C-alpha cells in the first residue's frame, strides 16, 4: 500500500487536472458572445440561428450515453484526448467558416462544427466529473461540484478574454479558443488518474430511492460496490460517526424489504451481488429515474433557451430604444452591444458556477441530517434550483429594459447551474458510481430535447414578430415575452415534478 502522502498528492493532482479539463470544456454556453456576429456574417434568420445553436446542444447532450459508456469502460484519459481533438476541430472550423471559406454552405458548416464542439464539451465534462466521482466517493457533492462549477465558469473566462482582446475580431477569437482548449486538455489528461478500489463491501446506495415508488433493482438488495481505500486516505474520505451510524441503520432497514415489500433474509441477500440496471434499462424500468429525467427536461429547456438567445434578446431591446430601429447600428452601437452580450454571458456563467459549487457543498452537509446539520435531502436542493429557473422565466416574461435582464440572468444562471450541480450527485448515489457515466449520459439527453424544443419555439415566435418589421430582426419585448411565458409554465411543471419526487423519496435521505 502506498504511503499516505503519496496517495493524497496524486489524488489532489488528479483533482486539479479534472478541474482544468472542466474549466475549458464548458464553452457551449459561450455561443451568445459570437452568435450575432456569426448570424450577421452568414445572413441567417432567427430560426436558422437557433438551429445552428441547437447543434452545440445536440452534440453536448445526445453524446452523453456514448461518452459515459466510454469513460466507464476505457477510462478518463482516452475520453479526454477525444475531447481535445473534437473541440479543436470544432472551433477551428467555426473560425474558418466565419472567415468565408465555407460561405456557400455556411449554415450547414457552422451547424456541423458546433455539433463537434458540443461533443467535445460532453467528453471533457464526463472526463472530469467521472474521475472525481470515483476518487471521492464519500464527498461526492463537493468533489463533483467543483469541476461542474468550473464547467459553468468556462464561458465567463473566454467571454472576458473576448471582451478585453478580441472585441472586433471574432475569427481570431474562435481560433484562440481552439488552441487554448486543445492545449489545456492535452496537458491535463497526463495527470488524470482513477485510483483502483482495494476493498469491496456489500452496501446499499446511501441515498437509494424507496421500492414503494417503483425502483427496479438495487433497492432493498445488497449490491457489491467498490469501496475506496479509506485506510490510506481517511482525511479525504472519512465520515463522522453519526453519519456512519445512520448509514448502518438505513442499510439494515432496507435489507429487510425487497422490491415488492416482502421480507427478505439479509444473510441470503448479502451473499448475492445483484446487478443494478443501467443506461436505457434503468430509465425504462425505474420510476424515480424517469421522474428525475423529466424534471431535468422541463427545467433545462427554458434555461437553455435563454442562455442561447441572450444575445438576440439584448439586441432586440437595444435596437428598439434607438432613434430609428430600422437604421443599421453604428460601430459604436455594435461595440456597446458586444459589451452587453459579454456582460450577460459572464453573469450567467458566474451565477451558474456559484450554483454548481454551492449546491454541491450544501447538499453534502444537508444530507447528513440529525440535530447537527439541516437534514435536507439532495432532491430538496434540486427543488431550489427549479424555483430559481421558474422565477427567472417569470421575470423574463415581464422584461421591459436591458437593466431588467440582470435579474433574469442571475436567476437562470443560479437555477441552471444548481440543476447540473446536484443532479449528477443524485444519479451517482441513487444508482451507483460504477455506471455513473452511462446513467448520467442518458439523463443528459433531456436537455437536448428540452433545449431544442424551446429554441425552435423562440426562433419561430421571433421570426413571426420580425415579419411585422419586414426585416430579419425583431425589435421590442414582444419578440420574446411569449417565449418566456412558455418557459415559466415548463419550469413550473418541472417544480411540480420535483415536489412529487421529493415526497415519494421522503423515507430516504437523498
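Heads up, the Cβ atoms here are built off N, Cα and C, so glycines get one too.
In TrEMBL, annotation is done automatically, which means it is predicted and not curated.
In TrEMBL, the transmembrane segment annotation falls on 482-501 of the listed ranges 342-361, 482-501. Feature transmembrane segment, per TrEMBL, maps to range 12-31 of the set 12-31, 212-231. Each residue of the domain 'NFD4 C-terminal' (408-507) gets a DSSP state, and the totals for helix, strand and coil are 84 helix, 0 strand, 16 coil.
The transmembrane segment (141-161) shares more Cβ pairs under 8 Å with 405-427 than with any other stretch in the list 51-71, 405-427, 439-462. Beyond the transmembrane segment (100-120), the same-chain residues lying 6 or more positions past its ends with a Cβ under 8 Å from any Cβ of the stretch are 25, 27-28, 31, 38, 41-42, 44, 48, 51-53, 55-61, 63, 67, 82-91, 93-94, 181. At the 8 Å Cβ cutoff, the transmembrane segment (173-195) and the transmembrane segment (288-307) share fewer than 3 close pairs (sequence separation 6 or more) and do not count as touching.
Here the transmembrane segment (78-94) does not lie next to the transmembrane segment (439-462) in space: the count of CB pairs under 8 Å, restricted to residues six or more apart, is fewer than 3. Between the transmembrane segment (439-462) and the transmembrane segment (51-71) there are 3 or more Cβ pairs closer than 8 Å, counting only residues 6 or more apart in sequence, so the two stretches are in contact.
Beyond the transmembrane segment (482-501), the same-chain residues lying 6 or more positions past its ends with a Cβ under 8 Å from any Cβ of the stretch are 288, 291-292, 294-299, 301-302, 305-306, 309, 379, 382-383, 386-387, 389-390, 393-394, 396-397, 399, 415, 450, 454, 457-458, 461-462.
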